[in-house]
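*Asks:* Quick paste of what Swiss-Prot says about this protein:
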{"type": "TOPO_DOM", "residues": "1-7", "note": "topological domain 'Mitochondrial intermembrane'"}
{"type": "MOD_RES", "residues": "T2", "note": "N-acetylthreonine"}
{"type": "REPEAT", "residues": "6-98", "note": "repeat 'Solcar 1'"}
{"type": "MOD_RES", "residues": "S7", "note": "phosphoserine"}
{"type": "TOPO_DOM", "residues": "38-74", "note": "topological domain 'Mitochondrial matrix'"}
{"type": "MOD_RES", "residues": "K52", "note": "N6-methyllysine"}
{"type": "MOD_RES", "residues": "K52", "note": "N6,N6,N6-trimethyllysine"}
{"type": "TOPO_DOM", "residues": "100-109", "note": "topological domain 'Mitochondrial intermembrane'"}
{"type": "MOD_RES", "residues": "K105", "note": "N6-acetyllysine"}
{"type": "REPEAT", "residues": "111-201", "note": "repeat 'Solcar 2'"}
{"type": "TOPO_DOM", "residues": "131-178", "note": "topological domain 'Mitochondrial matrix'"}
{"type": "MOD_RES", "residues": "K147", "note": "N6-methyllysine"}
{"type": "MOD_RES", "residues": "K147", "note": "N6-acetyllysine"}
{"type": "MOD_RES", "residues": "K155", "note": "N6-acetyllysine"}
{"type": "MOD_RES", "residues": "K163", "note": "N6-acetyllysine"}
{"type": "MOD_RES", "residues": "K166", "note": "N6-acetyllysine"}
{"type": "TOPO_DOM", "residues": "200-210", "note": "topological domain 'Mitochondrial intermembrane'"}
{"type": "REPEAT", "residues": "212-297", "note": "repeat 'Solcar 3'"}
{"type": "TOPO_DOM", "residues": "232-273", "note": "topological domain 'Mitochondrial matrix'"}
{"type": "MOTIF", "residues": "235-240", "note": "motif 'Nucleotide carrier signature motif'"}
{"type": "MOD_RES", "residues": "K268", "note": "N6-acetyllysine"}
{"type": "TOPO_DOM", "residues": "292-298", "note": "topological domain 'Mitochondrial intermembrane'"}
Amino acid sequence: MTDAAVSFAKDFLAGGVAAAISKTAVAPIERVKLLLQVQHASKQITADKQYKGIIDCVVRIPKEQGVLSFWRGNLANVIRYFPTQALNFAFKDKYKQIFLGGVDKRTQFWRYFAGNLASGGAAGATSLCFVYPLDFARTRLAADVGKAGAEREFKGLGDCLVKIYKSDGIKGLYQGFNVSVQGIIIYRAAYFGIYDTAKGMLPDPKNTHIFISWMIAQSVTAVAGLTSYPFDTVRRRMMMQSGRKGTDIMYTGTLDCWRKIARDEGSKAFFKGAWSNVLRGMGGAFVLVLYDEIKKYT
């Protein structure tokens with residue numbers, strides 16, 4: 001293998017392992033966030049059974065579905081997240097070579113900053129094309145509030161993908177893809193761009209204390225998450241449309257979804273579950289720091 005291939009493989013492995021560990025740790029927060037986001041578009045959750053907020057959700061889930069249900073959809077998330085993050089991190093460096101070749105970060109700061117934004121956004125959009133059906137399945141499994149057996153909408157990851165494919169075709173597995181690309185570019189641009197720029201401005205980036213790295217990463221994930229959150233809410237709502245027919249369809253398209261949420265639920269609805277998303281972001285910050293630490297030993 002060439003040095004470039006070895007470097008690519010190390011990036012892929014380090015990013016994937018770090019992501020899988022952190023995602024499993026914050027899976028309960030992730031499920032709470034998803035339920036709050038999509039409950040208005042769920043056929044299973046009627047108006048009288050909707051969750052009032054994070055606390056109500058955390059209290060009711062173990063009572064109604066069991067403690068292990070906090071990790072519902074986590075397997076799909078780990079399977080999805082491993083290649084997603086690994087591809088993001090690996091392609092990020094490839095895109096950096098394209099956008100940042102010959103750029104001096106000390107004398108060409110804004111060009112350096114713009115290059116980091118572009119490389120982060122392009123990496124996120126590229127990987128999304130490959131793993132979107134897994135992201136779709138993770139959302140639908142997490143939104144499934146049935147206790148067990150016949151009450152469940154899907155038996156598992158494979159069952160979810162097969163049922164939606166049979167009812168809606170490949171299009172059903174990519175429901176909400178367009179708005180996802182918009183959101184992922186905004187999120188990844190901030191996630192990678194600001195983080196790399198901030199670290200690059202430090203006196204000795206490779207020997208920065210892990211606490212400083214974590215603080216930078218935490219701030220970046222919080223800002224990036226809140227900035228792109230409305231796009232995430234719309235894409236999750238669109239994912240819930242797959243499998244519906246006729247009068248069951250709530251939104252005719254992405255623009256209709258934006259319009260109806262704003263009209264019927266108010267602008268605050270775009271940020272439902274946002275606070276739990278900030279908490280979940282601690283896992284994202286941990287990924288960035290852990291990735292840098294793993295690379296030091298590979």
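The backbone N, Cα and C atoms fix where each Cβ goes, and this holds for glycine too.
In the displayed structure, how are the listed features positioned relative to their neighbours?
*Replies:* DSSP assignment over the topological domain 'Mitochondrial intermembrane' (1-7) gives 5 helix, 0 strand, 2 coil.
Take the CB of T2 (N-acetylthreonine) and look out to 10 A: across all protein chains shown you find 7 other CB atoms.
A mean pLDDT of 84 is what the model gives for the repeat 'Solcar 1' (6-98).
Long-range Cβ contacts of S7 (phosphoserine) within its own chain (separation 6+, distance under 8 Å): D93.
Cβ environment of K52 (N6-methyllysine): no same-chain residue six or more positions apart lies under 8 Å away.
Counting only same-chain residues 6+ beyond the ends of the topological domain 'Mitochondrial intermembrane' (100-109), those with a CB under 8 A from a CB of the stretch are 115-116, 119, 197, 200-201.
In sequence order, Y112, T197, G200, M201 are the residues near K105 (N6-acetyllysine), counting only same-chain partners six or more apart with C-beta under 8 A. The secondary structure of K105 (N6-acetyllysine), as reduced to three states from DSSP, is coil rather than helix or strand.
Around the Cβ of K147 (N6-methyllysine), 11 further Cβ atoms fall within 10 Å across all displayed protein chains.
The Cβ neighbour count for K155 (N6-acetyllysine), using a 10 Å radius over every protein chain in view, is 13.
Under DSSP, K163 (N6-acetyllysine) is assigned to a helix (H, G or I) in the three-state scheme.
Non-local neighbourhood of K166 (N6-acetyllysine): empty, since no residue in the same chain at least six residues away has a C-beta under 8 Å from its C-beta.
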*Asks:* Take the repeat 'Solcar 3' (212-297) and count its residues per DSSP category (helix H/G/I, strand E/B, coil), listing them in that order.
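*Replies:* Within the repeat 'Solcar 3' (212-297) the tally stands at 71 helix, 0 strand, 15 coil.
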*Asks:* Can you give me the Cα-Cα distance between K268 (N6-acetyllysine) and K163 (N6-acetyllysine) in Å, rounded to a whole number?
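*Replies:* Cα-Cα distance, K268 (N6-acetyllysine) to K163 (N6-acetyllysine): 33 Å.
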*Asks:* With an 8 Å cut-off on Cβ-Cβ distance and a minimum sequence separation of at least 6, pull the same-chain contacts of K163 (N6-acetyllysine), or say none.
*Replies:* F154, G243
*Asks:* Near the topological domain 'Mitochondrial matrix' (38-74), which residues from the same chain, at least 6 beyond its ends, have a CB less than 8 A from one of its CBs?
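*Replies:* Distal contacts: 23-24, 27-28, 30-32, 137-147, 153, 236-237, 239-241, 244, 248, 250-251, 265, 269, 273, 275-276.
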*Asks:* Quickly jot the same-chain residues contacting the topological domain 'Mitochondrial intermembrane' (1-7) by Cβ under 8 Å, restricted to those at least six beyond its ends, or write none.
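*Replies:* Beyond its ends, the topological domain 'Mitochondrial intermembrane' (1-7) has Cβ neighbours at 93.
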*Asks:* How long is the line from the C-alpha of K155 (N6-acetyllysine) to the C-alpha of T2 (N-acetylthreonine), rounded to the nearest angstrom?
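*Replies:* Just about 44 Å between their Cα atoms.
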